[in-house]
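For reference, the structure is listed below as structure tokens.
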Amino acid sequence: MTRLDSVERAVADIAAGKAVIVIDDEDRENEGDLIFAAEKATPEMVAFMVRYTSGYLCVPLDGAICDRLGLLPMYAVNQDKHGTAYTVTVDARNGVGTGISASDRATTMRLLADPTSIAEDFTRPGHVVPLRAKDGGVLRRPGHTEAAVDLARMAGLQPAGAICEIVSQKDEGSMAQTDELRVFADEHDLAMITIADLIEWRRKHEKHIERIAEARIPTRHGEFRAIGYTSIYEEVEHVALVRGEIAGPNSDGDDVLVRVHSECLTGDVFGSRRCDCGPQLDAAMAMVAREGRGIVLYMRGHEGRGIGLMHKLQAYQLQDAGEDTVDANLKLGFPADARDYGIGAQILVDLGVRSMRLLTNNPAKRVGLDGYGLHIIERVPLPVRANAENIRYLMTKRDKMGHDLAGLDDFHESVHLPGEFGGAL
């Protein structure tokens with residue numbers, strides 16, 4: 001296993017004006033970025049970064065800084081597959097030449113981090129790429145953008161960083177992988193951490209959710225405790241249906257049966273047959289009830305895989321015209337799946353979960369939660385409820401999104417499909 005350094009060392013190095021290496025999830029970009037605080041930028045540091053990276057230097061910024069400086073999105077509808085929020089490129093208006101030299105880019109970086117700078121201090125376009133970090137940092141989005149801003153803030157500096165991906169010195173044209181990054185870090189006396197480490201550190205030292213209320217909810221599957229939560233970063237309320245003791249005198253928070261269910265008004269409430277959401281929710285509640293211990297976490301704000309109810313209905317229109325559930329999202333300018341599991345992970349931790357058996361057919365959900373320090377010991381499949389209205393939707397989820405859905409081909413061959421229909425999101 002590759003040796004890593006402590007988050008405390010990385011924060012101290014950032015505060016001292018040094019660079020660090022941050023590695024993300026192997027199921028995400030699986031790359032290591034060189035990161036330092038933007039306000040500490042020097043020509044020497046920028047030159048070092050250019051020499052050992054792709055050279056596409058970016059400056060992650062807190063959202064408030066982007067707003068103050070009028071840094072608009074590079075494109076109106078973000079189509080980056082990881083949701084990286086690129087803004088219009090900039091150069092410092094004064095004190096630079098063409099803007100491309102190490103000295104010029106260091107000047108622009110420091111100016112972006114300067115709390116007294118204003119929009120008119122920059123020209124557009126330029127040679128430095130600001131990135132807008134998501135509010136809540138790595139707890140909301142486990143990316144290098146958020147890691148850079150979090151590290152700067154944790155170091156007591158302005159929430160602005162500088163990042164770029166480290167390239168391989170052994171395999172020209174490729175990005176450096178973990179073992180090579182460790183060698184590089186040791187050669188240059190750089191701390192190396194993972195985003196997962198940073199998430200775990202913040203989870204232990206910070207809290208971004210609030211437990212509001214708890215009440216008894218009798219259901220046809222038996223009685224649950226409904227525990228309501230809010231998040232300081234979004235105006236959305238979530239509810240956890242809890243059965244049994246999760247953590248306490250007689251339970252240690254391990255081996256908990258958990259379903260993280262995304263809100264679906266059409267399927268959960270109206271009983272739409274275009275998706276399998278309602279049957280999945282019902283099955284999850286039944287399985288937790290039979291177990292006698294577990295959680296069904298109902299995540300609001302996840303309608304349509306995160307695009308919202310109105311856009312979901314627009315996607316239905318496209319599906320009725322022949323698009324599948326993935327292409328409909330893409331045609332509307334959204335990613336195939338825009339859901340964020342960070343708040344859900346914090347709620348599970350607050351409920352005392354340490355390790356869990358996750359009720360899902362979606363491997364990406366496992367990755368989304370695993371990156372937040374929760375240990376998933378098993379993925380437990382949910383029964384697939386195929387019908388003539390959702391079979392194409394289910395097959396698209398299987399074929400394009402990697403969902404583990406068995407038996408669909410046999411069902412598909414046994415039914416007459418009523419034209420080009422689509423599924424829920």
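Including glycine, each Cβ sits where the backbone N, Cα and C put it.
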Given Swiss-Prot lists Cys275, Cys277 for Zn(2+), the same-site residue among Cys164, Cys264
Cys264
If I take the Cα of Arg339 (active site, nucleophile) as reference, which of the binding-site residues Cys264, Cys275, Cys277 has the closest Cα?
Cys264
Count of other CB atoms lying within 10 Å of the CB belonging to Cys277 (Zn(2+) binding site):
24
Around the Cβ of Arg339 (active site, nucleophile), other Cβ atoms within 10 Å, all chains included, total 20
